[in-house]
Amino acid sequence: MKKMMYVRFGLDLLMAVTFVLFFNKQVLGGLTFHEIAGLAIAVAFFTHVLLNWQWVKKVTVKLFDRRLPRRTKFGYFLNIMLLITMSFIMISGIFISRVVFPNINVGNEQWFKVSHISVSFLVLILVAAHIGLHWQWVINVCKNMTKFKKSKKSLSIAAKLTTAALLVIGIYEINETGFLGKLGGVARVLNVSSSDMPQKGGGKPDFDRHSFSENKSSATASAGHERPNFDHDGGGPERGMEGKESGFESPNPFVVIGTYFAIMSVFIIVIYYIEKILASVKKRKKITGPAAEI
């Protein structure tokens, strides 16, 4: 049982590390890694969903039952959101592929490009929320693996200091990367119709410049059936996956992992403590409930 728990933990950690590396397409071989690893993550993600399908069916049947814990309902809707957004990222990734599926051409490819990037930032928050909801399980696994023998007091102090440090670093990285601005791109993408997409010679508005990013860039589609070049070095929305708000981020994988794990940690901590507070309030109500009736 413990071995399976460690295997699951290891796979989840590997998926998380791989996912954050997607936010800089210059790492580990560039687009080749980005697309091939993306397909691997897609397989792993849908396998994870299938392995938990019985839980999904069981909760779906009892979804409107008042006795079903709110935590379970929240986890259910969070997982549905993850399924929808992850599916969109994977499908849009195939549509704009330049390495694995270079011959697939669809209309409004620039919209899929920008949407792929924007929704990825939303998924980062959803993944962090999912981890935060199961953070106690992560703590328990780490305790079993490391077998700490220090006093509870010293561990509690260390945990609080680590939490404070992660919050400070995470908030700093959110500001440095312009994360919230890029997250706002989701709303802007949904508000842009297909007629707003830039097409060569069509006199359409430049989506990168006016509708999505305040950075000045131009994205042009090539004529005929040739795939448009979305990998230019301008300051367009693809910067959202590549760098700091200033326009550049180190392609060093350790820097990328540190940056986006720090951002995720903010949302993990917030969800974990909200869930902890709500559980504490519920427990207190159960204890004081009978006494209040007396």
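Backbone N, Cα and C define each Cβ position, glycine as well.
What TrEMBL says about a protein is an automatic prediction, not a curated fact.
Going by TrEMBL, these are the annotated features:
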type     : residues : note
COMPBIAS : 203-213  : compositional bias 'Basic and acidic residues'
COMPBIAS : 224-246  : compositional bias 'Basic and acidic residues'
DOMAIN   : 77-135   : domain 'Flavinylation-associated cytochrome'
REGION   : 196-246  : region 'Disordered'
TRANSMEM : 7-24     : transmembrane segment
TRANSMEM : 36-55    : transmembrane segment
TRANSMEM : 76-96    : transmembrane segment
TRANSMEM : 116-135  : transmembrane segment
TRANSMEM : 155-174  : transmembrane segment
TRANSMEM : 254-274  : transmembrane segment
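For the domain 'Flavinylation-associated cytochrome' (77-135), residue counts in helix, strand and coil come to 45 helix, 0 strand, 14 coil, using DSSP. The stretch in 7-24, 36-55, 76-96, 254-274 that contributes the largest number of Cβ pairs under 8 Å to the transmembrane segment (155-174) is 254-274.
When Cβ-Cβ distances under 8 Å to the transmembrane segment (36-55) are tallied for each of 7-24, 76-96, 254-274, the top count falls to 7-24.
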